[in-house]
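K.L.:
Taken from TrEMBL, the feature S-adenosyl-L-methionine binding site covers G93, R98, L149, Q150, Q165.
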Amino acid sequence: MEVSGADTDGHEFKNAEEMWMEQVGNPTKRTQWYREGLGYWQGLDASVDGVLGGYGYVNDTDIMGSEVFLKSILAERFPFAGKDRPLVALDCGSGIGRVTKNLLIRYFNEVDLVEPVSHFLEAARQSLAPENNGASDVHKPANFFCVPLQEFTPDAGRYDVIWVQWCIGHLTDDDFISFFRRAKLGLKAGGIFILKENIAKSGFILDKEDRSITRSDVYYKDLFHHCGLYAYKSRDQTGFPEELFPVKMYALTTEAPNRISRTKREQTK
């Protein structure tokens, strides 16, 4: 990706390739990248404030923004959901189950969670237990996978929506592309990805503390192209403190735009 960037120490890179070569240019460095990133989160509390980096108070605003976006997609893509077949979602980088409990489980009959930090996932399991008002017979968590995304492969054809929020920055570009190519096979026909992430104003910013990268909108769109994904719609998150990165939501499909338009027309007949 021919975009310049910098790390949190102010060191500048002429392009992403230079940065990735420095950070993960051999197997030892790549292993260290993921080990240190995981270690950062392993040292944090399994709480809303912990998983949101001390900004737990933005939780409600985040969920409200996500719900508006999700509802618009469900209405357009799955108008007969719940009548003919149950809806199933995958929550990637699920943490303590914050998004699943506050949002996904209200709209999907089953939600699988994938999270590499074991004490986060255990907190999610407890939070989503029926006795904690986290689930019902028709809206429930189904599977808890303690696996990092760069090693995760979903079951084929299981998911209507794969939700990816505030975690994909930990994947290198190569692993980003590899993950989405594998994950595409986990979507049902007509299924969709929803990616919600921090956005750099330009280029990228490398966080050396937690081993993550914040990409620009242009950077993401280039990666989507390499993944074979198409933008169905996008929306900016509003209401966050000014000191935080801008946040954007992308709905991504495996269908080219002309195919999507044709599908919409057919559904209205």
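A Cβ is built for glycine as well, from the same backbone N, Cα and C atoms used for every other residue.
Computed from a predicted structure; not experimentally measured.
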K.L.:
To which of the binding-site residues Q150, Q165 does the lowest count of other Cβ atoms within 10 Å belong?
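P.N.:
With the binding-site residues Q150, Q165, fewest surrounding Cβ atoms within 10 Å: Q150.
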K.L.:
May I ask which residues of the same chain, at least 6 positions away in sequence, place their Cβ under 8 angstroms from the Cβ of R98 (S-adenosyl-L-methionine binding site)?
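P.N.:
Listed in sequence order, they are V48, V51, L52, N59.
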K.L.:
What's the number of neighbouring CB atoms sitting within 10 A of the CB on G93 (S-adenosyl-L-methionine binding site)?
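P.N.:
Total other Cβ atoms inside 10 Å, all chains included: 24.
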K.L.:
Note down the number of other Cβ atoms within 10 Å of the Cβ of L149 (S-adenosyl-L-methionine binding site), including every protein chain shown.
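P.N.:
For L149 (S-adenosyl-L-methionine binding site), the count of other Cβ atoms within 10 Å is 22.
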